[in-house]
Each structure stands twice: as structure tokens, then as C-alpha cells.
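Structure first, then comments.
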């Protein structure tokens, strides 16, 4: 049975959710990742702090390829990530949970979004019709229902480059394009997980209204404060989903079957 990884965003980097905790690092072709390993109800869990231990890495400088490849080499088959987001859709409010099913990419080319840039790895065109694993998403929905936590079971995540917040004009554009929430970290993380044939889903916590919708200027302190306030609920939801997850085989595990599988 493969391991499940939790990639923690702002405010959730807390390995105390696990038992028998150890720390380690994994070197791979793209860099070194530092992770926490532990168990939860007999399942081996690997926790990765996306922004580093002290939130020292901004979104546009995260080594996404090293993170995903490192988890793959550690035997991870599924990733459940958490993200802090702003609400574009007026039906979504601060403190709400959202389970995105689509994304729109507004990041720049400075982020390395593929393992397959030519050369020895070749070129791969991966299907993203369902960018987030349907099976893992169903598990999160079930966990939320069991905990009686309200959850928006679908939504479109707009990913921007950061680290600045968006302008009101940008938010108006994202709204017209069908964006529901906006954040800075989900792309290329979700794309790389798909290339690596790993199941991937994101639980997004709405921490604020987006620029132009919010009546006050946005601050990172507000984001962190909201995540801390909701950290207990978010941890319960994440760990209940981990408990329910059965590591079933799904199409995510065979994304590159026409290319002979993932072999970076």
C-alpha cells in the first residue's frame, strides 16, 4: 500500500497530528525536500511544509518539482494538500471549505510546471480534463459529511504568481472567466502530481474576500489569523479523509501509460 502525503499550506504546518514522528530529507534531481514522517491509525503519512518550516519560501520560489518528485520517491501515491484562498464567488465566505475541481493558471513561466522539458525526459502532454483526483475528492466529501462540516464540493481555483495580492481589476477578470477562489500555490503542484501519476486533491480554506470584494486592504497577517482560527477544523477534516482513504487504483495512477509510465 502506498503512502499518503499532506502538503500543508499557510497555518497548517503541524506534525503533531501524527504518531511516531521522525524528520528526514530526500535529495532528488531537482533539489532537496525536508519532510516529517509519522503514522495515523496505522497508516504511514508524510507531511511536507510547502513554504518551509518558518514560512520562508514565497509561492513563486517553491521548488515544486523537487517536492513532488521527492514524495514520489518516498513511496507516496496520493497527496492531500491544503491552501489558503480568497473568495471571488460571493457565495463563498471566509471560514468556508472549498474542494476545487478545476483550475485556471495565471502563473508565469518562471515556475517549472513539468518534469518533461525535452532532453532525456522527453516531452509529455498530460490530460487535465479532471485535474483533481475524483476518488480522493469523493473521500474528502465523505469526511466532511461525517463531521457535519459545510463544504463547497466543487469550484474553480485561479492560481496567480504572487507573492503580491491581486488587483481589483484582475479579480473582476477572474470572475468573468468563472473563477471562484484565488490562491498562489496550486499550480504547478497539481500538474506535477498528475505527471507523476499520483492522486491529488486540495482542501481550500477561504480566509478573506478577494481584492475589490473585500471592504478593507488585504494582509498576510489576516490570512494566517484565519488559518490559525480554523486549524482545528481543517486538521479534523484532513485526518478524517486520510483515515477513510483506501488507496484504491484509479486513472491517476495510469496517466502516462501511453508513454511507458513515469520514470523521471
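Start at 1 and count along the chain as shown; that gives each residue its number.
Backbone N, Cα and C define each Cβ position, glycine as well.
Unlike curated records, TrEMBL annotations are generated automatically.
Positions annotated as domain 'Nucleoside phosphorylase' by TrEMBL: 4-242. When pLDDT values are averaged over the domain 'Nucleoside phosphorylase' (4-242), the model yields 91.
The phosphate binding site feature in TrEMBL is assigned to 10, 50, 51, 83, 84, 185. The DSSP secondary structure for residue 83 (phosphate binding site) is strand.
Residue 166 (site 'Important for substrate specificity') falls outside any helix or strand according to DSSP and counts as coil. Long-range neighbours of residue 166 (site 'Important for substrate specificity') (same chain, six or more residues apart, CB within less than 8 Å of its CB): 86, 160, 174, 182, 210, 211. The site 'Important for substrate specificity' annotation in TrEMBL covers 166 (among others).
The substrate binding site annotation in TrEMBL covers 184, 208, 209, 210.
Look at TrEMBL and you will find 220 (among others) tagged as site 'Important for substrate specificity'. Note: residue 220 (site 'Important for substrate specificity') has no non-local neighbours, i.e. no same-chain residues 6+ apart with C-beta under 8 A of its own C-beta. Following the DSSP three-state reduction, the secondary structure of residue 220 (site 'Important for substrate specificity') is helix.
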Open item on the list: I'd like to know which of the binding-site residues 50, 51, 83, 185 sit within 10 A of residue 208 (substrate binding site) at the Cα level.
Closed with: none
- [ ] Find the one among the binding-site residues 50, 51, 84, 185 whose C-alpha lies closest to that of residue 209 (substrate binding site).
- [x] 84
- [ ] Rounded to the nearest Å, what's the C-alpha distance separating residue 184 (substrate binding site) and residue 51 (phosphate binding site)? Just drop the number here, would you?
- [x] 11
Task: Other CB atoms within 10 A, centred on residue 51 (phosphate binding site) - done: 17
